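A short write-up of the structure that comes next.
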Amino acid sequence: MALAVGGLTGGAAHAQYAHQISTIVVDARTGDVLSQNNPDLRRYPASLTKLMTLYMAFSALRAGMITPDQQVPVSIHASTMEPSKLGLVPGSYLTVEEAILALVTKSANDAACALGELIGGGSEPQFAAMMTRQAHALGMNNTTFRNASGLPNTEQLTTARDLATLGRRLIADFPEYYHYFSTPSFRFHQRVIPNHNPMLKVYAGAEGMKTGYTQEAGHNLVTSAMRDNVRLVGVVLGSSSNSQRTQIMASQLDRGFDAEGVAPVERPLVLARASTQHSVMRQHRVIAMAGASRHKALEVAEAATPHARRGHTSVAHDHRVRLIGAKVHAISARTHPVRHTTTHARNRT
């Protein structure tokens, strides 16, 4: 049966696309599509919504409407957002920059709502309407926003293609703020809040962007990566697990760089689940369990090869190292454990 995209409801989107994954990889500079699969299915963005919240914040910063050190008041409404969250209490404050960092790293829903209320004149619905208008102005015509965080709303829908457009425009329109997406962690009220975007740790050249998850949406991801002065933006929507979305994104970006003539880089992925073993084996990697504890991650060891390919660079790293292009940046090992707010299983990232 033909599906009218414009009239699709959120429930129908979930029911119809529950076992279909949408992906797209584009050249960040030209917009050329390098690969795609179901890129125009309207789906729940989950916390990828925060990319548009950040776009609006960057616009307001550049226009002088807000400043990085401006105090953002926390309303009762913002404080009641479901996790992931900072645990902000009504009547408290955080700065605009702290809110931006909380969105990028922890995907904090309370911070997103508070920031949206600040920009939207005290109203999150009004801010969401502003988000939708801005999305359409960018050419994201199949996108509708109903809140600043990405928490479930049956009318909040987007597509992989639209999110690729948003990723490109964030890079092109706000180069002075793009660095926020690669933030490994930030300190908030004596807590160290880490960035839980796995691509920053496992994919050489990854620069950041955003993760997203709800039960209805599945596991979503937008990633930007640069190698040899070629930057790509990739989108994965509707994956069944964090490890699957990471594996799919890495494979899609690898193929994108190959299509752009960029020499491949070995990527030693640390996988949380064995469900991706078949994909890893196809890439000639050997999966070995690290220790007997069921909580330990699977380590991926490179299979022996007789000769290294021309232009093939080996990259090794551990949990304290972030790979950005050809450079390896060490993250401080003195980071203290973080006490996380209890997370509701539906709306983690």
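Any Cβ shown, glycine's included, is placed from N, Cα and C.
As annotated by TrEMBL, domain 'Peptidase S11 D-alanyl-D-alanine carboxypeptidase A N-terminal' applies to 19-240.
The active site, acyl-ester intermediate annotation in TrEMBL covers Ser47. Ser47 (active site, acyl-ester intermediate) falls within a helix when secondary structure is assigned with DSSP.
The active site, proton acceptor annotation in TrEMBL covers Lys50. Within 10 Å of the C-beta of Lys50 (active site, proton acceptor) we count 29 further C-beta atoms, all protein chains included.
Residues or ranges marked as active site in TrEMBL: Ser107.
Counting every protein chain shown, the Cβ of Lys210 (substrate binding site) has 28 other Cβ atoms within 10 Å. The feature substrate binding site is assigned by TrEMBL to Lys210.
In this structure the C-alpha atoms belonging to Ser47 (active site, acyl-ester intermediate) and Ser107 (active site) are separated by 7 Å.
Of all Cβ atoms in the protein chains displayed, 26 besides its own lie within 10 Å of the Cβ of Ser47 (active site, acyl-ester intermediate). In the three-state DSSP reading, Ser107 (active site) counts as coil. A separation of roughly 8 Å, to the nearest angstrom, links the Cα atoms of Lys50 (active site, proton acceptor) and Lys210 (substrate binding site). In three-state terms derived from DSSP, Lys210 (substrate binding site) belongs to an extended strand segment.
Mean model confidence for the domain 'Peptidase S11 D-alanyl-D-alanine carboxypeptidase A N-terminal' (19-240) is a pLDDT of 98.
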